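See below for the structure under consideration.
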């Protein structure tokens, strides 16, 4: 796995999911015909921003949140309710996940689960993300991670083995660890949880509602997905939310065909796919991310292990096993109930301060494994400028669309973000102590690639500028653009934005991918 020598800590995100949680009813997924395409990804789309015709539309107004929406799947309901004030040991009577705000239950810890955090809105974390007056959005691209999933197959085996070992060796189960005596590991592997499916329906609703007066009423998005079952499925649930919202909108153009996944890009080794990161051999051989994570784990885990072991006499935990127990907090929460309204007992084994350390551990892993901390991290997205996909008539990337949506994994999104220069203000992360999101220019794993993460790349025409302006939102947070004279609202002129992509457009450091 890229950036890591040990898959058991930071496991690859692009395994195909085949197993369902035994606690949920069996569901069959429609077969997906795998199609091989030449490289397709975000920067080709961003190149489109520089040449696409400007489609002027009438106004834009952020939508109010949908209270209750019934979709094609009657069991997938989204109820608007959010509260960060929670009783951590109680099953909540109101839904935790809303279209507008994402997941807001148990936020003192759930927003610190790194890439295992469910998506939560960062709309209030900086510059206002409302579209300015006298501006019309004319183009939007969404880049999305799949929804919440079960552990990967190899991780699931390790978690189950750890629970079995604890139950076999502990002579007593005391305090907050008492639940482990009777805990039954029933998690499946790889696929979306029911909660993850609901997340993606909500994401489709939000995308439609956010841009309905400008774009989504009258345009069908061109949609691509990396060829992993949970990613393809995420795209389909997104489409459910999008289409149901459109169906309920009387002002929408109902003569258009429904949105569908237009391109599925192979994840096979050697396939040209920059929604996946495995195209750079030197990057894949790197152990930097693992080395940094292992070092930080050795700093934070021993004291946690000592405390937990005091409640489990006869048990000795390794540093990695402590992190496994922390992983289980998130996984058990998002799998136990369809709406993730019941916090797992694993969570109470750790303090809120330790959850901040856990989030930082995951942030280090992504930064030094896939981001700017790895010399070849941003280079992963170089080949997205390959003109074989955005050439006139290319089936994998038509350049005459107004809406685009790409679905991928977290480890595919991080290199794209850094190649775009979104976090150029992030100094190298300290490897021995926590740095907050504010200190890291808005970067953390939970803030960038939670389950169902989404980035919106907008182009807008404003009365204040003859040239279109570009803005990027990551999980609703306006990320001020670097290297292109961004205004106080975080926007750049289109030509300056394209020019600022010089690293990716000039080939990055691609030659180093093949240097032994």
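Yeah, the Cβs are placed from backbone N, Cα and C, and that goes for glycine too.
Note: TrEMBL annotation is automatic and uncurated.
These numbers come from a predicted model, not from an experiment.
What TrEMBL records for 1-30 is region 'Disordered'.
Look at TrEMBL and you will find 37-57 tagged as transmembrane segment.
There are 17 other Cβ atoms within 10 Å of the Cβ belonging to residue 462 (disulfide bond). DSSP assigns residue 462 (disulfide bond) to a strand segment in the three-state reduction. Among the features that TrEMBL reports, disulfide bond is placed at 135-462 (among others).
Residues annotated as active site, nucleophile in TrEMBL: 146. Non-local contacts of residue 146 (active site, nucleophile) by the CB criterion (under 8 A, 6+ apart in sequence, same chain) comprise 192, 196, 200, 228, 230, 231, 233, 234, 407, 408, 409, 451, 452. Secondary structure from DSSP puts residue 146 (active site, nucleophile) in coil.
Taken from TrEMBL, the feature disulfide bond covers 280-513 (among others).
Annotation note: residue 329 (disulfide bond) sits in a helical segment as assigned by DSSP. TrEMBL lists 329-347 (among others) with the feature disulfide bond.
What TrEMBL records for 410 is active site, proton donor. Within 10 Å of the C-beta atom of residue 410 (active site, proton donor) sit 21 other C-beta atoms, taking all shown protein chains into account.
As annotated by TrEMBL, disulfide bond applies to 484-492 (among others). Residue 484 (disulfide bond) falls outside any helix or strand according to DSSP and counts as coil.
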Lowest local Cβ density among 135, 329, 347, 484, 492, which the record lists as disulfide-bonded residues, within 10 Å: 484
Candidate disulfide-bonded residues 329, 484, 492, pick with smallest Cα gap to residue 135 (disulfide bond): 492
Structural state of residue 492 (disulfide bond), classified by DSSP into three states: strand
Rounded inter-Cα distance in Å - residue 410 (active site, proton donor), residue 329 (disulfide bond): 19
Candidates 329, 347, 484, 492 (disulfide-bonded residues) - the one closest to residue 462 (disulfide bond) by CA: 492
Rounded distance in angstrom between the Cα atoms of residue 347 (disulfide bond) and residue 492 (disulfide bond): 42
Pairwise Cα distance for residue 492 (disulfide bond)/residue 329 (disulfide bond) [Å, integer]: 41
